[in-house]
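Trainee: Okay, here's the structure, questions in a sec.
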Amino acid sequence: MEAFPIPPGTYKLGFIGAGKMAESIARGVVRSGILPASRISTSHSSPLRREAFESFGVRVLSKNEDVVEESDVVVFSVKPQVAKIVVLQLKPLLSKKKLLVSVAAGIKLKDLEEWAGSSRFIRVMPNTPAAVGEAASVSICMKGSIHMAFIHLVIMSLGGAATEEDGNLIAKLFGSVGKIWKADEKYFDAVTGLSGSGPAYLYLAIEALADGGVAAGLPRDLALGLASQTVLGAASMATITGKHPGQLKDDVTSPGGTTIAGIHELERGGFRGLLMNAVVAATKRSQELS
């Protein structure tokens, strides 16, 4: 089967959907130097969204069809409920020469491929911290009947076959906004429950920690700053050291000290179980939506 390689040094990137996620990805790509803004385009009727993209040099075209026609890599960054309509509308323009990517939550590859009439499709699932370049993205591709998922290394499907070059290109692209892991598509709902919804759980935890600081007598600004930095520092330690979080917890918990007193209260309140239940509940909801 004939392959149509995407030229890594000259390809153009187009976004169908010009929301916050598309903006975050585009900003990361430009900031990292992977692509100049002049080779990125999107389309939107809202002056505010047009201004957001134009502010860092991305070209905003008059309609989605124009974006597809001039792009080698097309990223569908639309709401899940309109994904089918949008892909079907653009289907006549989605040739096998184009590398198609979807970041629409809950939309499976088999459906994307059917709607587009092309199996050269990659599904990517970034979470909201992409806005600051610390996202965890999972992307998947289909190769024959095997579903493979990645979070920084993506393989693209081309008429039932996948090219490593496509995967490397998308891996580099999404590597500009976060870290990538490998996962089978069957795990995507659980990834949504943990990583996709996880930032909201942590925002709630940061808010609660700050409230605790205020209750203990700290000024609100100081409490919020300390809470945010504490969570960031703890996450960095877990990532950088590679130690089990239980070991890191033990390392800062002295016998009869302040930390074990606080942990005791968390355990009495079922802290671990609540977080586990939140992930499971979000996973179930993702399954329902997809």
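For all residues, glycine too, the Cβ spot is worked out from N, Cα and C.
Because TrEMBL annotations are produced automatically, they should be read as predictions rather than curated entries.
The domain 'Pyrroline-5-carboxylate reductase catalytic N-terminal' feature in TrEMBL is assigned to 12-106. Positions annotated as NADP(+) binding site by TrEMBL: I16, G17, A18, G19, K20, M21. Taken from TrEMBL, the feature NADPH binding site covers N64. According to TrEMBL, the feature domain 'Pyrroline-5-carboxylate reductase dimerisation' maps to 185-289.
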Trainee: Looking only at C-alpha atoms, tell me how far K20 (NADP(+) binding site) is from N64 (NADPH binding site), rounded to the nearest Å.
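Mentor: K20 (NADP(+) binding site) to N64 (NADPH binding site), Cα-Cα distance: 17 Å.
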Trainee: Setting I16, G17, A18, G19, K20, M21 aside, what same-chain residues sit with their Cβ within 8 Å of the center of the Cβ atoms that define the NADP(+) site, listed in sequence order?
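Mentor: Close Cβ neighbours, site residues excluded: F15, A22, E23, T42, S77, V78.
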Trainee: Restricting to the same chain and to sequence separations of six or more, state which residues have a Cβ under 8 Å from that of A18 (NADP(+) binding site).
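Mentor: Expected: T42, S43, H44, S46, R49, R50, A52, F53, V60, S77.
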Trainee: For G19 (NADP(+) binding site) and N64 (NADPH binding site), what Cα-Cα distance in Å is obtained after rounding to a whole number?
Mentor: 14
Trainee: Within the domain 'Pyrroline-5-carboxylate reductase dimerisation' (185-289), how many residues are helix, strand or coil going by DSSP?
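Mentor: Here the numbers are 89 helix, 0 strand, 16 coil.
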Trainee: C-alpha of G17 (NADP(+) binding site) to C-alpha of N64 (NADPH binding site): distance in Å?
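Mentor: So the Cα of N64 (NADPH binding site) lies 8 Å away from that of G17 (NADP(+) binding site).
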Trainee: Between N64 (NADPH binding site) and M21 (NADP(+) binding site), how many Å separate their Cα atoms?
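Mentor: The Cα atom of N64 (NADPH binding site) is 17 Å away from the Cα atom of M21 (NADP(+) binding site).
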Trainee: With Cβ-Cβ distance below 8 Å and at least 6 positions apart along the chain, what are the contacts of I16 (NADP(+) binding site)? List them in sequence order.
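Mentor: Counting only residues 6 or more apart in sequence, the Cβ neighbours of I16 (NADP(+) binding site) under 8 Å are T42, S43, N64, V67, V68, V74, V75, F76, S77, V78, V86, L90.
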Trainee: I'd like the per-state residue tally for the domain 'Pyrroline-5-carboxylate reductase catalytic N-terminal' (12-106) from DSSP, helix first, then strand, then coil.
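Mentor: Each residue of the domain 'Pyrroline-5-carboxylate reductase catalytic N-terminal' (12-106) counted once, the result is 45 helix, 19 strand, 31 coil.
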